[in-house]
């Protein structure tokens, strides 16, 4: 029995999943986390550092790391990569000006060895705002079709209303579960 098999079996018992939520500043990462946890989202301030929430969902114990996206904090993102099962990349669909910056940052994450194998969920947030780019437009702008190193999906959503957060999280958990948790 190899080390990987032993680790998978240990994780199977706990059904622990580590999710890392990243994206540019003001994309809505903290709002998504709070909404998913049933917390009030009326007063959200920029994350200077990180938030960690541990939640139960569908029999999984989710450890969600929400890391600030300001330019000055991005160099610290690599400190959170270890043992990540799923990467949630949050995009502000209404911020057309920073789509290229968003694409560049995402592509730099996808070549990180410590994120190899992590499932990628892209939340195209703020779909409720006028002028928000469609998922197809974001998929093209971020060059998602070129991603071969990770299983990925783009999911339109609104963190403020909570619309379509669950389908994204459920897909992410299904994909991680099929890779990490083996049947005995």
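The backbone N, Cα and C atoms fix where each Cβ goes, glycine too.
As recorded in Swiss-Prot:
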- 23-30, 66-70, 125-128: GTP binding site (BINDING)
- 71: ubiquitin cross-link (CROSSLNK)
- 2: N-myristoyl glycine (LIPID)
- 45: phosphoserine (MOD_RES)
Tertiary neighbours of residue 70 (GTP binding site) (same chain, Cβ under 8 Å, six or more apart):
25, 46, 48
Are any of 26, 29, 67, 127 (the binding-site residues) within 10 Å of residue 45 (phosphoserine) when you go C-alpha to C-alpha, and if so which?
26
As a test of the contact definition, list every same-chain residue at least 6 positions from residue 67 (GTP binding site) whose Cβ is closer than 8 Å to its Cβ.
20, 21, 22, 29, 47, 49, 50, 73, 76, 77, 80
Just counting, how many other CB atoms are there within 10 A of the CB of residue 127 (GTP binding site)?
21
